Each structure stands twice: as C-alpha cells, then as structure tokens.
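K.L.:
Input: one structure, supplied below.
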Amino acid sequence: MSDWLDAVKWDAQGLVPAIAQDAASGEILMVAWMNREALEETARTGRGVYFSRSRHKLWRKGEESGHVQTVSEIRLDCDNDVILLKIEQLGGIACHTGRRSCFFHKLTTDDRGHADWVATEPVLKNPDEIYRR
C-alpha cells in the first residue's frame, strides 16, 4: 500500500468516515464510510467510491442510480481520521431517498418548546424510479 494511505487513522474495522461536499456550493451532501480500497480507487478514478457496512462491499456511488460523484479534491482532517471529498454530484441527487442531500431533516422547536425533526428538502425523484425496486 502507498504511504499516503498509511497516514489515515483507520478505525478498528479498517474504516474512516468520508464527507461528500459539493465543490461549487460547499453544501454537505452525504457522509459514508471508506476502507483503504475505496479511498485508493477514489483517488485513482476520480469517482466517489465508499464501503457499504450493511452489504460489506465496495459501493461505487451512482453504479445503480446513475448519480455518480466526480471527485475534484480529497482532503484529510487535522486528526487524520476523517476524509473530505469535494465533488460534483451528477444528476443532482446524492441521497438514496431521492433528495439532493442526505441532510434533509431539520430540528425545529414549536412555541411550547417541543422539538421534532422535519423534512425540509423536497424529493427530486421517487427512489422506486431511481433503483427500479
């Protein structure tokens, strides 16, 4: 493996969190996990590749949906334990729910102090149409 991969502080499962940020707007679109293979492939191909913890395999973003992420820059945080990908989100949808961003729930508080999560971003495309379920 390359020295640059050894600089990353991988967790006990060999993973590191990765933030996908729109390179133009700065908007955070999603957070996922990467293993060494995913990070290496991302750097090599310029496409967002992650590790699916539920499926235990590489997840090439957009492979099923067509919503590919083109990576323009890869950064490592000051503690070497978080990756930041500056990306262009092709198709404008990063979330499997059919929204632009996975961060569509906003904590709101009513007049009585009751807090709740409210979906604030529209569904751009029905997930059933995206994934042909």
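Here the Cβ of each residue, glycine as well, is placed from N, Cα and C on the backbone.
According to Swiss-Prot, the Mg(2+) binding site annotation covers Asp77, Asp79, Asp81, on the basis of sequence analysis. Annotation comment: Swiss-Prot describes Cys78, Cys95, Cys102 as Zn(2+) binding site.
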K.L.:
Express the distance between the Cα positions of Asp81 (Mg(2+) binding site) and Cys102 (Zn(2+) binding site) as a whole number of Å.
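P.N.:
Per the Cα atoms, Asp81 (Mg(2+) binding site) and Cys102 (Zn(2+) binding site) stand 21 Å apart.
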K.L.:
Just the number: how many Å between the Cα atoms of Asp77 (Mg(2+) binding site) and Cys95 (Zn(2+) binding site)?
P.N.:
24
K.L.:
Hey, how far is Asp79 (Mg(2+) binding site) from Cys95 (Zn(2+) binding site), Cα to Cα, in Å?
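P.N.:
The separation of the Cα atoms works out to 27 Å.
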K.L.:
If one looks at the chain holding Cys95 (Zn(2+) binding site), which residues at least 6 apart in sequence have a CB under 8 angstroms from its CB?
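P.N.:
When sequence neighbours closer than 6 are ignored, Cys95 (Zn(2+) binding site) has Leu29, Met30, Ser101, Cys102, Phe104 within Cβ distance under 8 Å.
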